[in-house]
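K.L.:
Have a look at this one.
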C-alpha cells in the first residue's frame, strides 16, 4: 500500500509539474508578446546600429516600392474597367436615357436616388425626401435610406456637390468613377494582403493577375455597376488586409494599432453599405472563435476584434435608423454569446491537463459558444417578431432541403442566381487559369501544418511566437491559420450559394499567390519529405521565386492577348423594344405601373413613375407585392387578377413576353411553375397543371370577355404588352 501511495503521489506531482511548466511556458509566451523583458536595456554597439539603420533603409525602400506597385495595379484595373464598360455599352456616345437603361438587372434603381439627391435644392432637403419617400412605391411611405441602404448614393452626391464637379464632370461619370475607384482599392488590398503574408511583392502581382483573369467569378461590377456589393466588398478586402496585419504584428506596436484602426473603420463601412454584410462578418467571427479555442490566435487580439465588431454594429444601428435586422443579426448573437463562453473558458483552464482532458474541454467550449449563440438568436426573434428572422430561417431550411414549401416568395428567392448552387463550369474556369490546382496544393500543406500545430497545442507544447524559415511550420502563423479557416468556410458556402463566389474567388487568388511565393510553404513541404540531397532552405527559396515566375509567364502568354482583345471588341447592347416602352411611359401622365421587379427598376430610373414593387429581395412586404403582380402569369381568372392589382392602386400592368412564353427545359424555376405550385395547381417540378382558368397572360391577348371588361390594351410590341386597369368595369359580351 505504501508503494501504491508513493506511486500515486509521484504521478500527481508529475502532473502538477507538467501543468506548472505549461503555465510557465504560456506566461513566457505572453510576456514575449507584451514586449519582452522590462528589467533593463542592453547597449547596442555602433556596428550593430549601422547595420540596423541599413536594414531600416532597405525595408523602407521595399515598402515604398511595394506600395507603388499596389497603387499602380489598382489604377490600371480601374482604367481597364472604365474602358471595358465604355466599349461594352458605347457609354460615352449615347444619350442620357440610353445610358440609364444600360444599367442591367434593376440595379439602376440606386442610380435613380442619386439623381434625385442631385436634383434637390440642397443635400439636406434631398436626404429628408428619401427618409419619407411616398413617390416610389404605390400606397406606401418608405424610408428609402434604411430600406435600400442608400449611403453610397448619399456620400457620392455629397462629394459631387462639395467638390464643385458640376461644371467639370457629368453626374453619371462621377458615379461610375467612384465605383471603379473602389474596385481599384479592392485590387490594391488583395495585393497588400498577399504581400504581407508572403513577404514579397511578386505574390501581390500574381494575386492581381489571377483576379483580373477570373474577374467573371470574382466581381459583379460588369453585371451591374450600382449593386451594393460593388460598394461594400472593397472595404471587406481592406478589412481582411488590416486583420492580416493585426494578427501578424507584435503586441503593443504602432503598426498593430494602425491595422486595428483600419480594421474598425472598414468593418463599419462594410456593414453600412450592404445589408448582407453582417452575415459575412459572422463567418469571420466564427473563424476567430475556433482559432481562439484551438490556441492558434492570441486571445487578447480576438477580444479586440470582437470589440471592433460590436462598435461597428452599434454605430451602423444608429446610422440605419434603428434597423431591427441588425439586432437579430447572427453577428450580434455571436458577440453576446461569447461573454459567458469566454468566462467559463477561463474558469475551466482549458490549457491545462492531459491531451484527452484538453480535447473534452475544447469540445465543451465550442458547444457552449454555439448554444449561447442559438439561445440569444432565439430570444431576439421572440422580442422582435417583425424583423424577418423567421423568414430567413425558413429560407435556409428550404435551401438545405430540411423543409419543402410551396410558398412563392421562398422558391422565387431560391431560384435567384445568387442563391442557387454553382455549376461545374465555375471550377472548370478556375482550373483552366491554373488557379484551382495550386489552391488545392497550398490549402493541403497549410491545413496539415495547422493540424500539427493544434496537436502540439493540445499536447501541452507551447507554440513559438518567433518562427524561423528552418522550422517549416507555416500553419502556426496566426494570420495563415486565420486565412486557411476563412477560405475553407467561404468555400463551403460557395458550394451552397453561387453569390458567395464573389467573396471566395478573390480570397482564393490572394491565398494561392501567397502560398506559391512563400518560402515557408515549400520549407514545410520539404521538412515532411526529409530531403537530404539538397539543402531544403536553399531549395525553398529557389522554388518560391521560380514557381511564381513560371506561372506568371504562362498567364501572360495565354491570357494577356485576350484581355487586350476585350478592350478592342466593340459590343452592341441595345434593346429597341425596351426603349420604345420607356418612351411611351414617359409620354403618359403620372401613373402607377405594375410588372416584374427588374423591369420596374428600369422604369423607375428612366421615367420616375410610381411602381407597385421594387427589385429589392430583402423586404418581405415588397416580395409579397411582387407575388400579386406576377399573378398575370398564373392560371387565374380576370376578376381575381383585377382585384389584386387594384389593391395596390395599379393603373397599368406590363406583361412580358419572355416570362409568359418561357419554354426553357429547366423546370422548377420558371415564374409560371412557381405560381402554379403556390396556387395549389401543380407540384413545383411538374409542367402539367390543373385549373378551370387559362393562363392569364395568354388569354388576355385574345381580347374577349370577361378580360376586356377589366383590362384594355393600350401599347404593345414584340416584347411587352401594356394593359390599362379599367377604373370602371364595363361588361361587354
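Cβ from N, Cα, C; glycine included.
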K.L.:
What range among 479-497, 574-592, 593-611, 612-630 does TrEMBL describe as transmembrane segment?
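P.N.:
My reading of TrEMBL: the transmembrane segment range is 479-497.
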K.L.:
Is the transmembrane segment (479-497) in contact with the transmembrane segment (436-458), using three or more Cβ pairs under 8 angstroms as the rule and ignoring pairs under 6 apart in sequence?
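P.N.:
They do touch: at least three Cβ pairs between the two stretches lie under 8 Å.
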K.L.:
Mind checking which residues of the chain, 6+ beyond the ends of the transmembrane segment (60-80), have their Cβ under 8 Å from one of its Cβ atoms?
P.N.:
180-181, 183-188, 191-192, 195, 201, 204-205, 208, 212, 563, 567
K.L.:
Which sequence-distant residues neighbour the transmembrane segment (503-525)? Criterion: at least 6 residues beyond either end, Cβ under 8 Å.
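P.N.:
Apart from its flanks, the transmembrane segment (503-525) reaches 186, 190, 193-194, 197-200, 202-204, 206-208, 210-211, 214, 217-219, 233, 236-237, 240, 280, 430, 435-436, 438-439, 441-443, 445-446, 449, 467, 469-475, 477, 483-484, 486-487, 490-491, 493-494, 536-537, 539-541, 543-545, 547-548, 551.
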K.L.:
Return yes if the transmembrane segment (537-556) and the transmembrane segment (180-211) have at least 3 CB pairs under 8 Å (sequence gap of 6 or more), otherwise no.
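P.N.:
Yes, the transmembrane segment (537-556) contacts the transmembrane segment (180-211).
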K.L.:
Restricting to the same chain and to residues at least six past its boundaries, which positions have a Cβ under 8 Å from a Cβ of the transmembrane segment (180-211)?
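P.N.:
Residues packing against the transmembrane segment (180-211) from afar: 65-66, 69-71, 73-75, 77-78, 81-82, 85, 218-219, 221, 230-231, 233-234, 237-238, 240-241, 244-245, 248, 433, 435, 479-480, 483, 505-506, 509-518, 544-545, 548-549, 551-552, 555-556.
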